């Protein structure tokens, strides 16, 4: 039935042409209240028909409300009052004027100033007194320099001679020990066994 020439002519008359859209397509309203439109057209004009039905009309019936600006519009910049402008201008003037009077000298041209308690106005703070020099207990007059006329041998000479001859250091010993005796070497381990004393009969 749909392939008969008579049906084709009838359907062709009902289809809207790309140049004019005066023909109203068939619309069906279902129970769910969603409008459905069925349109038949040939493949060559399908693209133009879709653009005519879904595109933006040349004379839109819906005009935007001028009271409500569009969503993507940029809000206008609020004008700044003259008072704020004058205050900011004065602030910039003060900053510019301060630059001319700013003077920084990181290096001192004169000699360095010595800070003392008097200059710092601290009368309670006094400089510590000099520590008196104490006699060096390790200092011996004849150890560093000895005149050739002095024939008395020094302690260092005796020590060096004893090292070469005896092989040990000579240290000053107490006055009770004779100076000429060699130091007695103590053994770390006993040479003879140490026996414990026999138990007495009173221990039982």
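Count begins at 1; order follows the chain as displayed.
Using N, Cα and C of the backbone, Cβ positions are placed for all residues, glycine too.
Taken from Swiss-Prot as is:
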{"type": "COMPBIAS", "residues": "1-12", "note": "compositional bias 'Basic and acidic residues'"}
{"type": "REGION", "residues": "1-26", "note": "region 'Disordered'"}
{"type": "COMPBIAS", "residues": "16-26", "note": "compositional bias 'Low complexity'"}
{"type": "MOD_RES", "residues": "17", "note": "phosphoserine"}
{"type": "MOTIF", "residues": "46-55", "note": "motif 'VQ'"}
{"type": "REGION", "residues": "56-90", "note": "region 'Disordered'"}
{"type": "MOD_RES", "residues": "73", "note": "phosphoserine"}
{"type": "MOD_RES", "residues": "128", "note": "phosphoserine"}
{"type": "MOD_RES", "residues": "131", "note": "phosphothreonine"}
{"type": "REGION", "residues": "133-204", "note": "region 'Disordered'"}
{"type": "COMPBIAS", "residues": "143-152", "note": "compositional bias 'Low complexity'"}
{"type": "MOD_RES", "residues": "147", "note": "phosphoserine"}
{"type": "MOD_RES", "residues": "173", "note": "phosphoserine"}
{"type": "MOD_RES", "residues": "177", "note": "phosphothreonine"}
{"type": "MOD_RES", "residues": "192", "note": "phosphothreonine"}
{"type": "MOD_RES", "residues": "196", "note": "phosphoserine"}
{"type": "MOD_RES", "residues": "200", "note": "phosphoserine"}
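According to DSSP, the secondary structure content of the motif 'VQ' (46-55) in residues is 9 helix, 0 strand, 1 coil.
In the three-state DSSP assignment, the secondary structure recorded for residue 192 (phosphothreonine) is coil. The number of other Cβ atoms within 10 Å of the Cβ belonging to residue 192 (phosphothreonine), over all protein chains shown, comes to 5.
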